[in-house]
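Trainee: Heads up, here are the entries from TrEMBL:
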type: COMPBIAS; residues: 1-12; note: compositional bias 'Polar residues'
type: REGION; residues: 1-22; note: region 'Disordered'
type: TRANSMEM; residues: 92-113; note: transmembrane segment
type: TRANSMEM; residues: 141-162; note: transmembrane segment
type: TRANSMEM; residues: 192-210; note: transmembrane segment
type: TRANSMEM; residues: 253-276; note: transmembrane segment
type: TRANSMEM; residues: 288-310; note: transmembrane segment
type: TRANSMEM; residues: 340-364; note: transmembrane segment
type: TRANSMEM; residues: 376-399; note: transmembrane segment
type: TRANSMEM; residues: 454-474; note: transmembrane segment
type: TRANSMEM; residues: 480-502; note: transmembrane segment
type: TRANSMEM; residues: 514-538; note: transmembrane segment
type: TRANSMEM; residues: 544-565; note: transmembrane segment
type: DOMAIN; residues: 709-767; note: domain 'CBS'
Amino acid sequence: MANITKKVSWSSRADESGAAGEETALLNGSELSRHLAKESQRGKPKEIPHNEKLLSLKYESLDYDNIENQLFLEEERRMSYMSFRCLEISRWVVCGLIGFLTGLIACFIDIVVEELAGIKYQVVKENIDKFTEVGGLSISLILWAVLNSVFVMLGSIIVAFFEPIAAGSGIPQIKCYLNGVKIPRVVRLKTLLVKVCGVICSVVGGLAVGKEGPMIHSGAVVAAGVSQGRSTSLKRDFKMFEYFRRDTEKRDFVSAGAAAGVSAAFGAPVGGVLFSLEEGASFWNQMLTWRIFFASMISTFTLNFFLSIYNNNPGDLSNPGLINFGRFESESVAYNLYEIPLFIAMGAIGGLLGALFNILNYWLTIFRIRYVHRPCLQVMEAMLVAAVTATVSFTMIYFSNDCQPLGSEHSEEYPLQLFCADGEYNSMATAFFNTPERSVRSLFHNQPRTYNPLTLGLFTLTYFFLACWTYGLAVSAGVFIPSLLIGAAWGRLCGILLASITSTGSIWADPGKYALIGAAAQLGGIVRMTLSLTVIMVEATGNVTYGLPIMLVLMTAKIVGDYFVEGLYDIHIKLQSVPFLHGEAPGTSHWLTAREVMSSPVTCLNRIEKVGTIVDTLSNTSTNHNGFPVVVQVTGGDEPAKLCGLILRSQLIVLLKHKVFVELARSRLTQRKLQLKDFRDAYPRFPPIQSIHVSQDERECMMDLTEFMNPTPYTVPQETSLPRVFKLFRALGLRHLVVVDDENRVVGLVTRKDLARYHLGKHGLEELQLAQT
């Protein structure tokens, strides 16, 4: 263990003060709580110490491994072939419901955003037109800034004060959930309501955000609720889908919900499935693929159908998805072999710009964690960003003299004339004075010579920094559309420059084509998706011609970006100190064994245990164990006990609640036998041990754990290498892995945090510290 780098401090800055040999004291465990207690006595700290090289103890794992105890096996044996068929049909029904409800939510968000944004832009446009000639445009600016700030203030208040987990796109949190980490409140009904209202306010408030990212989180929440057949928030139980009330089943449905969210956002059912596979689910099987595809298909169809009614074209299903990039159907869609190097170069630019975006956002997020942690400060920051965004947009439009003729092919909904001549409109306003989705479509499809190169350059620069500042605010918002918009702007600029330096530019250097390539490069450089993003872009544009260029661009962007920094979602997962397990164990870790990484000593329970001992074990605040090996004493008494099973804290709490004691079972012959239904009814919010009353007489009773424990837990010998332990733990979705000696005696327990502690740093294998953050 001596070879592992352990130097970790709370501050990410080097400790320059003090003597050369001194290091910042580690605030770990009880030291941290004493530090925070001192700070709370002085008043709330102005700065929260934070470092990304810590793992938080507040995150627990989900129980993805089925507990195959006697109750489970008896229930499975009693089920007939027909019962299994009905369960399979129920899974398809649940996936259909997930797709339908996710599509409805997407439809609701789209319609409300269009209506509110339309009213806002119309009011501001009339005001600008009125004051352009008579002077007093500052009043228009104030009106625009105030409208933006009011909407953003509403969206930020409900997030900061009522449900902070609803901030951002929610994709990092869903990735963690599907990886097996229990993120508090991430799939609650309240989170969904705040998410939907928050994203409407953010987009209408003119922030550099999109409404597509939060759809993935919304779909996941819908899936988690529908699959359980009840709402614990509303305290309503519909007595449906009771068999699915466990983490394993819920995880699969949440994968389907995330895919349905992508599908509704982009009208890309196949892209939704691939997104869930590439970015979301850590566990996969073939039947799950079919069900997720079904949910995605239903989601796209539902959104499409209801939007066709809203647009007075009932039955017209040709515009799926919240964002429709439009179809590239002109002669200029063709590309030649000599353009491939250009596309690869654009991919490299996208990777570089994406890495810059991620690094800037990383430092900004560290600053927010340390200083902007009070809800009132978060709301004020969001309002400041809204006001600055409006001011920058207005200033850019005001000083731009890029006037374009307002032709019949013009598709802008809110053209601003400003100081342009009659029959002309301000081109800069096309980019700023619109929802981001409409701006992306304009950059893709407007005619050549619609934009001045200077206009595009300035827009790219300003929107890049605005989007970077906006991501991470206490508002519900996605990064997909701002990334596409930034990329489309500099991509179109590349197309214009290429056309200007070649005599045949008008034939092959179509600016719309390069806008599409730039958009893919920029988004790939920020989020580092390849497979799913290729299919999403192809499906959303309705043109498979660009499949190869988009693949090349995304792969290049990922390779270049990964050289400098991780993807945006991975950065935010790390900044939250989540014990996230990647696909492979860190390299150079073969010399570590299970004995060196395990937690020990382990709290074990006897097969027949005293109730008082169980209550004391669960009530002990110094141990937060959620799994206890069950052991049996060998005849002789002096030898260590041997492993015979594993029981969870949640199971013990249900047993105590129902008072399943040996003495009571003997005295009450008619007592109802505990069933799996009792455990499922308590799921997922098991009561705390403090809420269960156990009298002094009952403490002396005995509890037989034989029927309820898992008699076949996964175990490894203590000499097993770390990569082997990691592979077993990660592939099977375990929460506890028991380490035994050669005589099957318990010597330790491996949990998620024991494995997540190790990662490759600049100086080789590093061990992260655990903290109560």
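The backbone N, Cα and C atoms fix where each Cβ goes, glycine too.
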Trainee: Which sequence positions outside the transmembrane segment (288-310), separated from its termini by at least 6 residues, show Cβ-Cβ distances below 8 Å to it?
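Mentor: For the transmembrane segment (288-310), the list is 91-92, 95-96, 98-100, 102-104, 106-107, 110-111, 219, 223, 252, 255-257, 259-264, 267-270, 272-273, 276-277, 281, 316-317, 319-322.
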Trainee: Mind pulling out the one from 141-162, 340-364, 480-502 with the most Cβ pairs under 8 angstroms to the transmembrane segment (376-399)?
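Mentor: Ranked by Cβ pairs under 8 Å, first place goes to 141-162.
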Trainee: Do the transmembrane segment (514-538) and the transmembrane segment (340-364) share at least 3 Cβ pairs closer than 8 Å, excluding pairs fewer than 6 residues apart in sequence?
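Mentor: Contact between the transmembrane segment (514-538) and the transmembrane segment (340-364): present.
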Trainee: Select the range from 92-113, 141-162, 253-276, 544-565 that forms the most Cβ-Cβ pairs under 8 Å with the transmembrane segment (454-474).
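Mentor: The stretch with the most close Cβ contacts to the transmembrane segment (454-474) is 141-162.
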Trainee: Pairs of Cβ atoms less than 8 Å apart decide it: which stretch in 92-113, 192-210, 340-364 has the most with the transmembrane segment (141-162)?
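Mentor: Stretch with the highest Cβ contact count: 192-210.
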Trainee: Residues of the same chain, at least six outside the transmembrane segment (340-364), with any C-beta under 8 angstroms of its C-beta?
Mentor: 464-465, 467-469, 471-472, 483, 486-487, 490-491, 494, 498, 514, 517-518, 520-528, 549, 552-561, 563-568, 571, 575
Trainee: Roughly where does the domain 'CBS' (709-767) sit in mean pLDDT, to the nearest integer?
Mentor: 88
Trainee: DSSP says what for the domain 'CBS' (709-767): how many helix, strand, coil residues?
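Mentor: Split by secondary structure, the domain 'CBS' (709-767) comes out as 16 helix, 23 strand, 20 coil.
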